[in-house]
Amino acid sequence: MIELPVVPSASDRKSKPDWLRVKLPIGKEYTKLRALVDEHKLHTICQSGNCPNMGECWGAGTATFMILGNVCTRSCSFCAVATGRPTEYDIDEPKRVAEAVRLMNVKHCVITSVNRDELKDKGAEVWYQTVVRVKEESPQTTIETLIPDVKSDWASLERMISGGQEVVSHNMETVERLYRRVRPQAKYSRSLEEIQRIKAFGKRTKSGIMLGLGETKDEVLKAMDDLVAHGLDVLTLGQYLQPTKMHLEVAEFIHPDQFAEYKEIGLSKGLNYVESGPLVRSSYHAEKHI
């Protein structure tokens, strides 16, 4: 569910191709946004996931907020977000996120969360209240919510996505064959059904897959077919990078030309929009995905 992690290990850094090298985040807008995030004690996936686009996005005054804490109940083998037993969530978080969005004058807001499997509603009420508060404080702001696997709790899913957001995203992360290794607590078929349910609720649907984990081209194309069949509108494809030596190693660095080909194939299969490139992450150019 969580957006793709992006900080390479020491060995990974030595062999990383030039097209994956990015500038350090700097600039007035980045500094201003960092101060606001710290002041309001907010979590961003930009920081927790060590996103390579943080400088570009924060420099433009945009960010992806992570609600329900920064400790996840899942232990996906690719993800840089901390895993463990989360503390109690902050009931004032919806208010603080909404205030930060208003102060930052965000035009398009992306909200995501860790998995909170220990909560009866999977955090659905906090999700709902956060979206509602953002809309109240900033009615002109459009919202994308990148939601977790709800383990077939469809009542909680409905509450989670009924706050007025324009786009609802749920990341597949990888191809079916690699699920047990990459997302051991998730199921490929269940995530597909979640996307189908989101579409049935009338939302614009979005998902992301990371490449370079050992998948084949045929497997990527099958995943595209499965997603189209389950009602997906927008797909993001990006390069997996190993967060630490404790995480899955990179099997392959996918060339930018291959990403470009995947984009054309995805569009030909019926997807409305495909964002595909080595540095693409779920929230990258999210304002274009409405």
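Cβ from N, Cα, C; glycine included.
For reference, Swiss-Prot has these:
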BINDING   C46, C51, C57, S283  [4Fe-4S] cluster 1 binding site
BINDING   C72, C76, C79  [4Fe-4S] cluster 2 binding site
DOMAIN    58-272  domain 'Radical SAM core'
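Distribution of Swiss-Prot features across the structure.
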{"residue": "C72", "record": "[4Fe-4S] cluster 2 binding site", "DSSP (3 states)": "strand"}
{"residue": "C79", "record": "[4Fe-4S] cluster 2 binding site", "DSSP (3 states)": "coil"}
{"residue": "S283", "record": "[4Fe-4S] cluster 1 binding site", "DSSP (3 states)": "coil"}
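For C72 ([4Fe-4S] cluster 2 binding site), other Cβ atoms within 10 Å of its Cβ number 24.
For the domain 'Radical SAM core' (58-272), the model's pLDDT averages out at 92.
C79 ([4Fe-4S] cluster 2 binding site) sits 16 Å from S283 ([4Fe-4S] cluster 1 binding site), taking the C-alpha atoms as the reference points. Per-site Cβ counts within 10 Å over the binding-site residues C79, S283 peak at S283. In this structure the C-alpha atoms belonging to S283 ([4Fe-4S] cluster 1 binding site) and C72 ([4Fe-4S] cluster 2 binding site) are separated by 19 Å.
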